[in-house]
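Novice: For reference, the structure I am asking about is given below.
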Amino acid sequence: MPGIILATASYDHTIKFWDPPSGGCYRSIDCGEFHINRLEITHDKLYIAAAGNPQTRLFEVNTNNNSPAMSFDGHKGNVTGVGFQKEGKWMYTGSEDGTVKIWDLKAPGCQRDYECSAPVNTVVLHPNQAELISGDQNGSIRVWDLISNTCSRELVPDGEVGITSLTISSDGGLVVASNTKGKCFVWRLGEDDTSRFEPLQKIEAHNAPILKTLFSPDTKLLATCSADHTVKIWNTKKFNVVQTLNGHQRWVWDCAFSNDSAYLVTGSSDHLSRLWDLHQGDAVKTYSGHIKAVNAVALNDLPR
């Protein structure tokens with residue numbers, strides 16, 4: 001089993017697996033007409049989820065069999081978010097059909113269905129594994145309590161400006177939302193009540209839509225990827241910019257941190273993925289092979 005799994009997906013309808021040090025592609029999955037929006041690798045590195053339109057497909061990582069191991073049907077529109085419960089018991093998805101769903105991985109089927117009032121752009125799981133937080137095109141953020149099976153909180157930080165991405169710190173203490181106007185909103189979550197959002201900061205981060213925002217695993221950094229072709233790295237103590245990563249020639253769609261928070265992988269409409277050394281602020285490797293925009297990246301370099 002490879003120690004580091006790095007994968008990208010593109011508008012060319014392929015998923016590619018890369019050897020991070022050499023930059024070589026060692027496997028490519030042709031998904032036909034299946035458009036992929038998001039990628040997520042399971043914690044145990046056995047499967048990769050490809051969220052598309054309107055299915056989510058699971059592929060085995062350590063095989064040359066490019067047929068899906070499982071397919072999850074039930075959404076009626078683009079699946080825009082996907083992730084896994086820590087122990088791999090279930091998967092969650094969000095879709096432009098206005099729903100957030102939970103799926104049983106052992107007996108594929110929709111376990112729960114949460115109705116939002118607008119197309120869902122992003123959904124994340126709290127580290128306590130007991131809440132999902134979704135963001136939609138109408139500008140609403142909702143907290144879904146998986147124990148009570150209800151929406152425990154709804155907030156609208158910037159009117160009807162669409163929420164594009166959400167991220168929660170690994171300690172569960174902070175949540176950040178980004179939107180189509182290039183703003184980020186930072187809240188502290190209540191220790192005993194995760195439906196309590198204490199506003200900390202509003203950041204005018206970019207002059208163009210933010211497409212992805214992500215905390216580093218050590219929670220010291222925040223990355224924002226934008227349609228302005230840049231990625232900005234923010235210190236999470238004061239939320240000031242510590243680096244601007246320049247190099248991509250078009251929109252930067254997605255990013256993923258290494259487990260030690262020292263590296264960042266990005267994907268862009270310029271058809272390329274890049275590996276950035278965050279100590280130097282430079283791209284140390286470029287992954288070239290897609291023939292259209294790279295809109296999703298996934299990295300799992302957790303110790304075995």
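Backbone N, Cα and C define each Cβ position, glycine as well.
Keep in mind it's a predicted model, so treat the numbers as computed, not measured.
So Swiss-Prot says this about it:
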- 1-28: repeat 'WD 1' (REPEAT)
- 31-69: repeat 'WD 2' (REPEAT)
- 74-113: repeat 'WD 3' (REPEAT)
- 115-154: repeat 'WD 4' (REPEAT)
- 158-197: repeat 'WD 5' (REPEAT)
- 205-244: repeat 'WD 6' (REPEAT)
- 247-286: repeat 'WD 7' (REPEAT)
Novice: Please tell me whether the repeat 'WD 5' (158-197) and the repeat 'WD 6' (205-244) touch - that is, whether there are at least 3 C-beta pairs under 8 Å between them, with each pair 6 or more apart in sequence.
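Specialist: The repeat 'WD 6' (205-244) and the repeat 'WD 5' (158-197): touching, yes.
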Novice: I need to check the long-range neighbours of the repeat 'WD 4' (115-154): which residues 6 or more away from its ends have a CB within less than 8 Å of a CB in the stretch?
Specialist: 77, 80-81, 83, 85-86, 92-100, 102, 160-168, 170-172, 175, 177, 179, 189, 194-197
Novice: Given a Cβ distance threshold of under 8 angstroms, which distant residues of the chain, six or more beyond its ends, lie next to the repeat 'WD 3' (74-113)?
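Specialist: Distal contacts: 35, 37-40, 42-44, 49, 51-56, 58, 119-125, 129, 132, 134, 136-137, 144, 146, 149.
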